[in-house]
Amino acid sequence: MPFNLFKFYVFIFLIFYRIYSFNHRNLSTHRFCSNLYQFLRQNQRNLHSIRGTQSYLPPEQRIQKWLQNKWELTSKNFGFQEYSMPVLTHTSLFLDINTPKDNEHYKELYSFKDRKGRNLSLRGDITPQFMNMLTSYYSNKRVPSHNILKWYTIADCWRYERPGLGRRRNHLQWNADIVGISDIQVEVELISMLIHFLKSVGLSHEDVVISLNHRNVIPGILTLLGFSNYSSDWFYQFSKTLDKYKKIPKEEFNKLLIELKFTPEQCSGLEEILETSRTLEEIQRIFNPEDIQELKQLVHLLTEKGYSNWINIDLTIVRGNDYYTGLVFECFDRNRKLSRSIAGGGRYDNYFNHCDPRLKYSAGFAMGNIAILDLLKHKGVNINSEEPVDVVVFTPNYTRNNCEQKVETDTDQTLPCSKSQRMCLYNLMDLLRTNDISVYQYYKTSRLMKALKFADNSMAKFVVMPLLHNGNEVIVLRDMNTGEQDFFNPSDDKLGAKIVEKLRNQNI
């Protein structure tokens, strides 16, 4: 029996025996089983990655890198400039007044004390750390260039949440923020930037939708339902409940409303408002014009840019973080096969109650790597993440006791790889890499056919190898697509330049 299968049976036995011994008050046996169980669990953990974290083999990592390159290209195309921050920060940073202790993001922090007793956390959200960085720069008069208004980063985030579809305990996140500008064109550009990215990865308005709302609409909903006097804590809880409208069953949603002292009539009234307020015309009939003025402007401006098919109005969009103050938006799979949002953002003015206009106004959005890649996989979008090697250079397996190694061909004929050929190949590899041509040096075997098979599997465009041709030592450049071969004298001083020119003519 395999050892892992044996351990599985031991685990099952210990779990049931722990329950049996506890129910029969055999506490010493129960304690022994618990200790043994924990010991095996601890050793089992050491053999595997932490649950919910991300590890990628090269083919998967190429897809991750493809996504990151798309993020970077989109950011640069819109004039954003990159910054970076450490993943480790002070826990107090997340105890700002805009992030109370009962906030789910605070509860999900990975927090601990270091050797000096300081409370530290792994970053769970980029925005608080980003705004704190800017505040530190301004307070210490290390002011960045006034031209830097648009910022972006691609950073690791950690949250202790239940892993599932579109959700991990650590993820890579793309954040784009515009700081210091109050104009609504900020939100227009951010959403335009998001749409540009979605198009670049092969998605259309038939695949995704960007839902818009404004935080001022929430008090308007409560007024329509007859609520006038309520505390900030109650309003906070209602906002959290409203955010779950499309994420949980109707019965469970209504139960949460009743806990907030909603009557059955008010529950029905809320549902009617949410279901009949999906266009500008509909919300204009029931809401105060001042509450929806910015939302109306945003819809008009995005429509002028030709994005009307990409957007809709959804009054349940409130964003999970409490620091948002105005327009908010989230991007979803239009068919809702993936319930979690793909991206989201909005305006978060006065984050640290600054009167300095350079920090008073701010808006941005974020996107994680998990949900977007799950969506692309679900939609069947072809991700061309292959990175074929330009050239495989075959330097036959070198034995320490003999520098003259034979090359075995498919006819079992042995051919020498001389010292001059080997030195020529070494110099050639340096030259190719200097010219930004990717080179894979293959020396696992002395068999020529295995080297050619490896080059074919690696999607290499060319192979360079030592051979004997008509009794003369030569260096061969083989085109893997056509099979065409060119022969070069290893003593030719211009051999490297000739091969580079040949490769350049093939657009390498």
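Cβ atoms are placed via backbone N, Cα and C, with glycine included.
Keep in mind that TrEMBL annotations are predicted by a computer and have not been checked by a curator.
Per TrEMBL, the L-histidine site holds D125, I126, T127, Q173, D177, R319, Y323, Y324; the candidate it also names there, chosen from R142, R159, R340, is R159.
Look at the Cβ of each of the binding-site residues D125, Q173 and count the other Cβ atoms within 10 Å; the largest number goes with D125.
For the L-histidine site, whose annotated binding residues are D125, I126, T127, R159, Q173, D177, R319, Y323, Y324, the maximal Cα to Cα separation is 21 Å. Taken residue by residue with DSSP, Q173 (L-histidine binding site) is part of a strand.
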